[in-house]
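Annotated features, as they stand in TrEMBL:
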DOMAIN    13-145  domain 'MARVEL'
TRANSMEM  14-37  transmembrane segment
TRANSMEM  49-67  transmembrane segment
TRANSMEM  87-107  transmembrane segment
TRANSMEM  119-135  transmembrane segment
TRANSMEM  147-172  transmembrane segment
DOMAIN    150-288  domain 'MARVEL'
TRANSMEM  184-206  transmembrane segment
TRANSMEM  221-242  transmembrane segment
TRANSMEM  263-282  transmembrane segment
Amino acid sequence: QSGSTMATLNLRALTSWVGIARLLAVLLSCLSFSLVASTGQFEAPYGTWCMFTWCFCFAVTLLVLLLELLELYPLLPLSWDDFTSAFSMLAALMVFTSSVVFPATFISSPCSGSQCARQAVATTTSCLCFLAYALEVSLTRAKPGDISSFLSTVPGLLKVFEAYVACLIFSLLDTREYTKQSGLMWCVAVYSICFIFTLLIIIFTIGRCLTYIPCSLEKVLVGYNVLALLMYFTAVVLWPLYCFRGQSRPNSCDKNCPWNKNLGVTFLTIFNLIAYLVDLIYSTRMVFFRAP
């Protein structure tokens with residue numbers, strides 16, 4: 001019986017390049033949240049977000065490794081390759097954000113003492129953790145022409161990026177600011193509608209539900225990308241027009257200043273516009289220019 005138990009172990013889950021990247025991500029995320037926890041300085045929303053990111057990525061990556069090691073993942077009612085591709089992309093984005101936000105928020109200048117040293121090392125391990133997840137994304141990305149796992153293709157990975165950027169936009173929005181003008185409310189509607197549809201595509205893909213849609217899914221996705229691109233184009237024009245018209249940056253403007261948050265939303269809107277454009281180009285090539 002012990003022999004049959006050992007036979008179910010898939011050691012390639014740990015020894016392959018993807019497995020090694022995941023092991024590194026587990027180790028580095030653990031180091032990051034342990035070092036920051038030892039300082040006791042992770043209060044406020046930004047610190048809580050960084051700690052959540054490292055703990056969440058550590059826990060899910062460890063679970064992925066265990067399920068692959070014990071070969072239990074085929075029992076799950078989901079597309080495993082789509083799930084792991086989407087998660088590695090999401091983890092890379094989350095850890096990258098934390099690697100920027102944490103030092104900008106908590107490491108002051110001049111920096112001295114053991115607490116500052118631990119914060120600096122935590123930032124370094126977080127950056128290395130991002131590289132580990134980026135390596136996993138590159139290793140698991142689908143080869144050109146292979147669409148068996150949609151979320152491992154470039155359009156699939158971009159769907160995760162688009163949804164994540166929309167979440168960052170929501171985190172910067174201030175209800176008191178955008179409810180004053182109809183142009184800004186339209187922009188928020190654009191962010192919300194595109195986020196909901198993109199998230200549904202990701203969830204339905206992982207849950208293997210897209211096959212039940214009674215139409216040409218690939219062409220529907222191209223049409224959606226066209227619509228999302230046009231909507232984001234209007235937001236790129238309207239958001240800065242309504243936010244900064246007749247307003248200059250206040251002299252006393254910290255990280256919580258509405259002007260800075262509006263500027264952040266502006267840049268994130270541009271990032272998502274570019275993402276939807278690239279998504280449309282790749283999706284169009286996959287649907288209309290695929291080799292027979």
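Glycine is no exception: its Cβ is also placed from the backbone N, Cα and C atoms.
TrEMBL labels come from automatic prediction, so no person has curated them.
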_For the domain 'MARVEL' (13-145), how many residues does DSSP put in helix, in strand and in coil?_
109 helix, 0 strand, 24 coil
*How about the transmembrane segment (119-135) and the transmembrane segment (87-107): at least 3 CB pairs under 8 Å, pairs 6 or more apart in sequence, or not?*
yes
*What else in the chain is close to the transmembrane segment (263-282), if you only count residues 6 or more beyond its ends and a Cβ gap under 8 Å?*
153-155, 158-159, 161-162, 165-166, 168-169, 172-173, 187, 191, 194, 222, 225-226, 228-229, 232-233, 235-236, 239-240, 243
*Give the residue counts of the domain 'MARVEL' (150-288) per reduced DSSP state, in the order helix, strand, coil.*
113 helix, 0 strand, 26 coil
*Grab the same-chain neighbours of the transmembrane segment (184-206) for me: Cβ-Cβ under 8 Å, and only residues 6 or more beyond its ends, written as numbers and ranges.*
78-79, 82-83, 86, 150-151, 156, 159-160, 162-163, 166-167, 169-170, 173, 177-178, 221, 224, 228, 231-232, 234-235, 238-239, 242-243, 269, 272, 276
